[in-house]
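A.B. asks: Dumping what Swiss-Prot says about this protein:
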SIGNAL    1-20  signal peptide
BINDING   141  substrate binding site
CARBOHYD  168  N-linked glycosylation site
CARBOHYD  192  N-linked glycosylation site
ACT_SITE  197  active site, proton acceptor
ACT_SITE  200  active site, proton donor
DISULFID  243-470  disulfide bond
DISULFID  285-293  disulfide bond
DOMAIN    477-576  domain 'CBM20'
REGION    552-576  region 'Disordered'
CARBOHYD  558  N-linked glycosylation site
CARBOHYD  572  N-linked glycosylation site
């Protein structure tokens, strides 16, 4: 029996079905909130009860050391978890300030740890994970991952802006700004280069990464001005990134394509997480920035949820029932299960949308979002519905109940002690994969807060327009059309050794071994990477090995390819 069922069993017999559903969600929020909060704090060093050995301020992904081993700190996870804590601090949880300050200090140190992705000034900020004692993890991994610096910048700027409003300028300018500036400069330099996605599996351009990079640059420009620094570069590149962000939209399918590579459908929780983590209520239902109530984000949400119908035997079977969702339907990791954090994200997007409609006093139904709204009113047509209309009341009430339904199905599969793992077994319903996943706890907190009407700080999304002319210039891009080139190389390696590629164009780091592009070893001994390269261009390149700081180049001569005018192709090589 799930946690909420245990808590609210007596209540359910006293209420109508609709009220019982709400009571179940209420009970789950009430019971799980303190458990999730404690779960986060237990996973933060040095004094967290489940984070023994972690340095001060280090947020571990999970205390699990086997099947899987997640006893590391990921820049992405830590930034998202810290953002949840920062939002709570801003809302009045003053006891969290020391925890947040410790996180800031840990990131100061972590940025300067040399690692397989590079150093502080040569790409090392894109390293995805570190040991919990703030030393480099040197094993094979999907690196670099370029969302981490952007997410960390967003978290620290949000914290810094609040401190500035309270008059604490010296800490912001002396401590927070240098960390933020390094991350923003990394984004400027690398936003138009490929990297691994948030699931650490696909090396390409990623919707989530691009959106977070845009948010970081936009927020960073304002923050730079506030501390007396130059903002022009951040603003210029923010416009370019916003332009690139539009390219992910699949108008035929009605969803945002999660990755430009990977060979999957592109329907992915990546996109739902994008919507909630770039939420800015001041932007209303703007589709350019993929706001939660925008027609594109709502269409995308329906396509994403529907992709899991019939996939997991533990799920309800109704055509519009709230269900458990996973990362993407083709997932095979741990046999491909639903995840807590992805299902919480669905509910959170819906609550964010409801909060925005309440603020606006109306909602719009467009041809893009019509299929989403027809789930709740089959007779609804495109148009604007004021909050005074019966249609508005019908739709928003049904959508709130639907959002609560996702919490209720999560409650059914939350153990009685409230502990949240990474995944839920798709057949048995038992918790599986990493125990006490910090990101799972944070996703519960942010969904619950959104349900209660919490609104995160604005980041400047209101009123943005896509530039008439888009550029990939600045930060390693060369502009013009590109084609996706997959490079495969057969290479046997020793433990700790990784394969990279560099070459004669910016996208291949201009022959820089420090900034060379990492290949992944998912199909070892074949190492692979997909890179967007200039079209109709002759390009020279070589593979290199890196091991304990030592670089070994392939033998001469340089390899050479001539890219096509459009499309994509694969180049198969063997190390020499």
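Positions of Cβ are set from backbone N, Cα and C atoms, glycine also.
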A.B. asks: With DSSP helix as H/G/I and strand as E/B, how many residues of the domain 'CBM20' (477-576) fall in helix, strand and coil?
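C.D. replies: Tallied per class, the domain 'CBM20' (477-576) gives 6 helix, 56 strand, 38 coil.
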A.B. asks: Report the nearest neighbour of residue 470 (disulfide bond) in space among the recorded positions 141, 197, 200, comparing Cα positions.
C.D. replies: 197
A.B. asks: Any idea what the Cα distance is from residue 168 (N-linked glycosylation site) over to residue 192 (N-linked glycosylation site), rounded to a whole Å?
C.D. replies: 35
A.B. asks: Using all protein chains shown, find which of the glycosylation sites 168, 192, 558, 572 scores highest when you count other CB atoms within 10 A of its CB.
C.D. replies: 192
A.B. asks: Sort the recorded positions 200, 285, 572 by C-alpha distance from residue 192 (N-linked glycosylation site) and give me just the closest.
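C.D. replies: Ranked by Cα distance from residue 192 (N-linked glycosylation site), first place goes to 200.
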A.B. asks: Select the most exposed residue of 197, 200, where exposure means the fewest other Cβ atoms within 10 Å, treating these as the active-site residues.
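C.D. replies: Relative to the other active-site residues in 197, 200, 200 has the fewest Cβ atoms within 10 Å.
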A.B. asks: Which of the recorded positions 197, 200, 558 has its Cα nearest to the Cα of the residue listed as 'substrate binding site'?
C.D. replies: 200
A.B. asks: Cα-Cα, whole number of Å: residue 243 (disulfide bond) versus the residue listed as 'active site, proton acceptor'?
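C.D. replies: Rounded to a whole number, the Cα-Cα distance is 20 Å.
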